[in-house]
Amino acid sequence: MTHSTQQLSPEGVAEGKRGRLIRELVNRDKTPLIILIMAAVVGVVTGLLGVAFDRGVDWVQQQRLLALANVADYALLVWPLAFIMSALLAMMGYFLVSRFAPEAGGSGIPEIEGAMEEMRPVRWWRVIPVKFIGGLGTLGAGMVLGREGPMVQMGGNSGRMIVDIFRLRSPEARHSLLATGAAAGLSAAFNAPLAGILFVIEEMRSQFRYSLVSIKAVFIGVITSTIVYRYFNGERAIIEVGKLSDAPLNTLWLYLLLGIIFGAVGVIFNALIFRTQDMFVRFHGGDWRKLVLIGGLLGGMCGLLALLHGNAVGGGFALIPIAAAGNFSIGMLLFIFIARVITTLLCFGSGAPGGIFAPMLALGTILGTAFGLSCAHFFPQYGIEAGTFAIAGMGALFAASVRAPLTGIVLVLEMTDNYQLILPMIVTCLGATLIAQFMGGKPLYSAILARTLAKQEQARATVIAQEPAVENTPQIGK
């Protein structure tokens, strides 16, 4: 009798079981490796685009201000030059958008959300250069716009570009890399990797497909884009307000009151954005020449305002630490708030290529600081530091408007490096979100996407109605 099989030892049996378990686990995970590799590539490309865009905007702004500084002693030159330079830069952005890629106008985030549902096209070969150069123009002109919207849209389009270049055919790859690019773009814009992940999972929850592949891809893309950003810009917080004191427990009711105020402000702010967008559509009526002219006037106005009151224009990041430090009186803070609300509505509502994150965060900081100073005056026994309310307000307006409280909380904490304020942030953002929902307000980006899709269907119906009717005439001889 030949011994074809040998008796296994207990150690061998256990090792065999472990091997089978590992093989079953590996076989159960069907994540295509190519998607994860491409997610890393998307993150690198998006990070490089973000760094280039950020530095490009800074360079354009510096050159514009340098030219004005050279003629600062000549009033007859500095005022016309300020208007003309900003007007021309803005007109370049509006022209590129209106003539080559209308979907590159505005924030671009709703376009990515629509693309994730296969409802909006992704023409990356047009959108990336138009958004990049157009954004350099409008943001370089000093308009009240943010850099994060362009970065999110360029990131999402970079994901689709990688899909097309490497001919990835699966719907899973198309969706995962689009979401990866969007998350990587936000991460690179704010040096906030966790907020980038949460933004896609929370804000884009209606469009994002919660699968292991998509989640892994988003994580990898955010990691690589953040590494690229920090390689070029360092690891410091993007908004330096210093370490603020903890919020005492007996002051949490004030943060809840602040959240209630911001809930109402967020609903009103969104409604004003929609009305401003409709107003500009009535002004230009779809004529690109009128749109470019309007953009030039808005850009020139921002150029003049920069000379009169620089805090009323620009993205607002430079204003945030100044306001949070309590360098303005309550009256001046309210004046700046009203002025920036008007300029934000005009610049963003006109369809200029640029985001609204940064202006919104600045508005929240200003109003939050004013509230904090008021509380310090009326409740001196609490020893209130107004800067803590500035930080809470920064996230509260975002939470009320965008309806993504978790993203708002994490985003602000990552940007300011004040993680000890997480409890008042939660109270404020939750209060703002609940009040906004109670008042019937619509999330900003979802509402903009719905309006865009409605216009798309209306245009399609108009084209179909204008097509000549084909009559079925009987054929003779058959």
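Note that Cβ sites are derived from N, Cα and C of the backbone, with glycine treated the same way.
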Looking at Swiss-Prot, Ser107, Ile356, Phe357 are annotated for chloride. Which of Tyr255, Tyr419, Tyr445 sits in that same site?
-> Tyr445
Identify whether Ala72 and Ala324 belong to the same side of the membrane as annotated by Swiss-Prot.
-> yes
Would you mind listing, in sequence order, the residues at least six apart from Glu203 (site 'Mediates proton transfer from the protein to the inner aqueous phase') in the same chain with a Cβ closer than 8 Å to its Cβ?
-> Val402, Arg403, Ala404, Thr407, Pro443, Tyr445
Range from 33-69, 148-166, 355-376, 422-438 with the greatest count of C-beta pairs under 8 A to the transmembrane segment (253-281) = 422-438
Using a Cβ cut-off of under 8 Å, list the residues of the same chain at least 6 residues beyond the motif 'Selectivity filter part_3' (355-359) that approach it.
-> 107-109, 144-152, 189-190, 273, 315-317, 340, 344, 347-348, 398, 444
Could you count the residues of the topological domain 'Cytoplasmic' (167-176) that DSSP puts in helix, in strand and in coil?
-> 6 helix, 0 strand, 4 coil
Okay, the transmembrane segment (288-309) and the transmembrane segment (330-349): do they have at least three CB pairs under 8 Å, pairs separated by 6 or more?
-> yes
Are the transmembrane segment (33-69) and the transmembrane segment (215-232) near each other by the rule of at least 3 C-beta pairs under 8 angstroms (pairs 6 or more apart)?
-> yes
Relative to the transmembrane segment (33-69), which of 77-100, 124-141, 288-309, 422-438 accounts for the most Cβ pairs at distances under 8 Å?
-> 124-141
Check the transmembrane segment (77-100) against each of 124-141, 288-309, 422-438 and return whichever range has the most CB pairs under 8 Å.
-> 288-309
